[in-house]
Amino acid sequence: METAVIVKVAVSAAPYSIDKPYDYWVPEPFSDSALLGVRVTVPFGRGNRTSEGIILARAIGIKRKTLKPISSLLDREPVLDQDGIALAIWMRQRYFCTLFEAVKTILPAGLWYRLREVWRLKNPELDRLSADRMSSSIPRAFPILDILYAAGGSADAETLRAACGEQTDAVLRALQKAEVVVCETAAKRKIGDKSRRMAELSMSAEEALALVEPRRRSAPQRYEVVRLLAAAGRTSAADICYFTGASMRTLRGLEKAGILTFSEEELLRLPIQRQVGPAPPIVLNPEQQAAFDTLTALLSSGQPEAALLHGVTGSGKTLVYLRLVQEVLRKGRTAIVLVPEIVLTPQMMRKFSAYLGETVAMLHSSLRMGERYDQWKRIRRGEIRVVLGTRSAIFAPLKNLGVVILDEEQESSYQSENPPRYHAREIAKFLCARNQALLVLGSATPAVETAYGAESGAYREVLLRQRYNARSLPRVTVADLRQDIRNGRAGMIGEILQAELIENLERGEQSILLLNRRGSSRMLLCGECGHVPECPRCSVPLTYHSANGRLMCHYCGHSERAPESCPACGGRMKQIGAGTQKVEEELHELLPGVGVLRMDADTVSNGHEMILNRFEQEHVPILLGTQMVAKGLDFEDVTLVGVLSADISLYMDHYRAAERTFNLLTQVVGRAGRGSRPGRAVIQTYTPDNEVIQSAARQDYKSFYQSELRMRRMRRYPPFADLFTFTVSGPEEGNVLRAAIGVREALRQICRLPELAADEPEVLGPAPAPVLKVNNRYRYRILLIGRNNRQTREQVSWLLKRFAGDRANRGTNLFVDCNPLE
DNA sequence: AGCACGCCGACT
DNA sequence: GTCGGCGTGCTC
């Protein structure tokens, strides 16, 4: 029997329902380089389509008849080590994704190849007449041959598809069978350099307008695009689409018609801040020293238990992190430090590089793909020993990991928003266990689950109670907005807050106002019939953007020009919604001539940091913004913080609503009085007696935690149970609902299994998702309240596979999330 | 999912 | 007789 090197491969073409390691044999020339963690291309499926894959295991074995060979190697050296492969396998069973999806998440995007199918004539000498004769029985073969011959004998599949439409693939396969053409797959690196596509007119503005003007009615978008380009000159394609509502398709059409030309523009490299100032030696106060001692003791134990560093705002957790990382480096090991937001990385980076110098690397999502990839290579080569970054930095390929630190561990940004929706804390736990490394979760307001873990002994709790320089907490006033209503004040700013703002203005001190809601959504409403324009593809009202005068959908990206009169009755349209713009107007009315800086999703695109710099340097009296103003920003002169309405996030339909509100309020209140002067905070609310608001006002984590934990125990929420959210989606509401009911019934069956029944699992639903329709797909949810253990996950996995395999569910899709944060 | 194979009805 | 519809089953 013939033997060969046999490898197990995670294949990208395998969907979840059939995902497993597939065996391939390795042809002799590859056998030395086809190592574990090397990416490959392989034939897959009946049609032997070329698919990407990665080698998970390797052995010498019998070359069975049914095995197919590896087609090519994509790497000279492995891109994943044994730990990385183990992590991918773990992620598959934890997040219900395929092995390959897990690998893709672990590796940096800059590393990925684009598989390009190139079709060419099998015999380059073949003349057109013979080719036509050979393919005479294949319908629609002529246009494809036309292009192939015009392009000199070969063309890539994308070009062919663009020119020949729907059935290109089928025709190509038929031509392949007739031995007219062959297909080759070329792996092309997605080049790391991020550039953006720019467009400009390829003729004078007058000429271009003259060309599109006659068809202004039938092709309004073309006309709009040309008008914009005529006025603005060279513009990025993304901006053109934003301001005109045209799609990329329209732009390409204009390119084809010779009216505009595309070009690429390099995005400027962010200058890396390396102002390594003289770093004074770190002096810890007794409490910090005690915390440090406890953590180092844990570090030296063989298999350290994880620690919760619970320190009030301003207790100097960062100094403890720094000392700990120094200690880890001294032992010849490496460290990962995670922060929740990109905005916070430069601040933290400055501190870290001051103490640790060149061994620190920053890794976060706003790095350009190429930079990210370069950093990744430096880390792999061992040049970097400390990685600081946001969520995805947890996948940094450090060797000999000693510690992972998650700062502000309760933040929801640690959970990925797209599948696999991993949580950096869970990945960190896995990595730490495997490397005998220490996991440190730092927070002033830990997640309820984490605090419960500390209470029940799963984490070692280390406390920091003292505020830095013994500063006192801000004086907090809870202002009852109902009182203002009784007094005839209908605005967003009540009497108490106004008085405090005036006081601050007189003293020449700065204030921060928080509007507790996401984004800045304003809608249009007809003043006469009440009609609200909705998204044609989603079940949400469209949001009005004043920057471009358009109505846009945040879910699917639909965009249309805002109507001047009501499409239903012709009445006048009004803007409604309490966005930051509205509050800004109110502020101008109440405090004429006072400078206000606004920071929200609308303004943030043109520079988060710029706004903050202006606030600090130009000493603008008031900064008004959404949640982002609450996060870790320190300004010397801010002595007043106002929360416009504390209630909004309390009544969201989510089990973490109270926790989120408490965290936000505590954080934002902590922004006041960071300098030498004492701070004040005003929390406006319609429910001043609410326990969450009261405990946030007192900065009393313990009492919030205890009442929240009682509630969660009663309602069987995490940490007392795990919530699996099943979402069924599809284009037809009836089918979706039917499929969802099927899922519920299957889950109820599963729950009766003896191995699960002991935990008393419960199944609820189906209920329509909070936004029922997104992108013309209806979504229904089923909730399973149970335990996230191996048995449950196996059952869930089985259900997912069965759902995908059932033909009755065609067109619908099912996915699962466990304990989603959002 | 994506593809081939196979088994039936409407055409040259 | 053959083209193409869709139902069925497999993916190393």
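Just so it is clear, glycine is given a Cβ too, placed from its N, Cα and C backbone atoms.
Nobody curates TrEMBL annotations by hand; they come from automatic prediction.
Lifted from TrEMBL, the feature list:
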DOMAIN    A:298-464  domain 'Helicase ATP-binding'
BINDING   A:CYS526, A:CYS529, A:CYS566, A:CYS569  Zn(2+) 1 binding site
BINDING   A:CYS535, A:CYS538, A:CYS553, A:CYS556  Zn(2+) 2 binding site
DOMAIN    A:561-712  domain 'Helicase C-terminal'
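Under 8 Å, Cβ to Cβ, and six or more positions away along its own chain, A:CYS526 (Zn(2+) 1 binding site) finds A:VAL532, A:CYS566, A:ALA568, A:CYS569, A:GLY571, A:ARG572, A:MET573, A:LYS574. Each of the binding-site residues A:CYS535, A:CYS556 was assessed for Cβ neighbours inside 10 Å, and the highest tally belongs to A:CYS535. Taken residue by residue with DSSP, A:CYS569 (Zn(2+) 1 binding site) is part of neither helix nor strand, so it is coil. Cβ neighbour counts within 10 Å, taken over all protein chains shown, single out A:CYS566 as the most crowded of the binding-site residues A:CYS529, A:CYS566. A:CYS556 (Zn(2+) 2 binding site) and A:CYS529 (Zn(2+) 1 binding site) have their C-alpha atoms 27 Å apart, to the nearest angstrom. All protein chains shown were included, and the count of other CB atoms within 10 Å of the CB of A:CYS538 (Zn(2+) 2 binding site) stands at 21. A:CYS529 (Zn(2+) 1 binding site) is 22 Å away from A:CYS538 (Zn(2+) 2 binding site) when you measure Cα to Cα. Shown are the binding-site residues A:CYS553, A:CYS569; the one with the most C-beta atoms within 10 angstroms of its own C-beta is A:CYS553.
A:CYS529 (Zn(2+) 1 binding site) sits 18 Å from A:CYS535 (Zn(2+) 2 binding site), taking the CA atoms of both as reference points.
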